[in-house]
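S.K.: This is the structure, below, for whatever I ask next.
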Amino acid sequence: MASLDEKNVLDDAKAVSASQEDLPVDEKRGPLTTVSEVSSAEGDEALQLVGKERTAQFSDEYNRKLRRKLDLWIPPLCAAVYFTQFLDKTSLNYASIMGLPITGQHYNLVSMAFYLGFLFWEFPTVYISQKLRVAKYLGANVVIWGAVLMLHASTTSFGGFFALRFILGMCESCVAPLLILIISMFYKKNEQASRISWFYVMVSISSPLNPSRF
C-alpha cells in the first residue's frame, strides 16, 4: 500500500511539472502563472466592478526587477518633496534670525497661521486630488508654495505675513496624503510601509538644519 501511495505522489508531481512547462513564457517578463477566472457574481464589490479576475500574473523574478526600478525613482522623489515641505514649514525660523520685523505676540500668530491654513484646506485638497491627476495637482501645489514662499521677502507687515503663511499652509496640506497615495499606486500593500518611511525620515534629516535649534 505504501509503495502504491508513493507512486501516486510521483505521478502527481510529474503532472504538475508537465503543466508548468506548458505555461506561456514572456522573454522579458518570465514565465506567466495562470489564474482561473471567476464569475463577477461570486466575488466582492471590487471584482464586480472590474467584471472578471485577472487571467495571468508575472513571475517573482520580474516583480523583483520592477520593484528595484521603482525604488530608484519614486521613493527618492517623494522624500525630496517631503524634505522641501518640512523646510518650508520652518522658514519663519530662518527669517527670525535675519531681521524679521514681526516680534512678540505677532510672531506667534504668524507662526500659527501656517497650521490654520493647513487645517482649513486639508480635507478640500484631498477631495480635489481625487478628481484630478495626482502628479499634476501635487506639482502645481509645489510651484505655488514656492512662489508664496518667495513673496515673504516682499512684505514687512503683520497682515501680509499672516496671509502668506496661511496660503503656504493651504498649499502644503496636500503633500503627505498625496505622497502616500502615490506610493500605494505603485507598490503592494506589504511593500508600502517601508517606502513611506523613506520620506518620513526626512523630518529627522531636516531638523538639524532648523536655526531654532542653535
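Cβ atoms here come from the backbone N, Cα and C positions, even for glycine.
Keep in mind that this is a model prediction, so the values were computed, not measured.
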S.K.: Which residue range, 1-38, 77-114, is the one TrEMBL calls region 'Disordered'?
M.R.: 1-38
S.K.: Could you tell me what the rest of the chain brings near the transmembrane segment (134-154), counting residues at least six beyond its ends with Cβ under 8 Å?
M.R.: 81, 84-85, 88, 91, 95, 125, 128, 160-161, 164, 167-168, 171-172, 174-175, 178-179, 181-182, 185
S.K.: Do any residues, 6 or more residues outside the transmembrane segment (107-127), come within under 8 Å Cβ-to-Cβ of it, and if so which ones?
M.R.: 89, 92, 96, 100, 141, 158, 161-163, 165-170, 172-174, 177
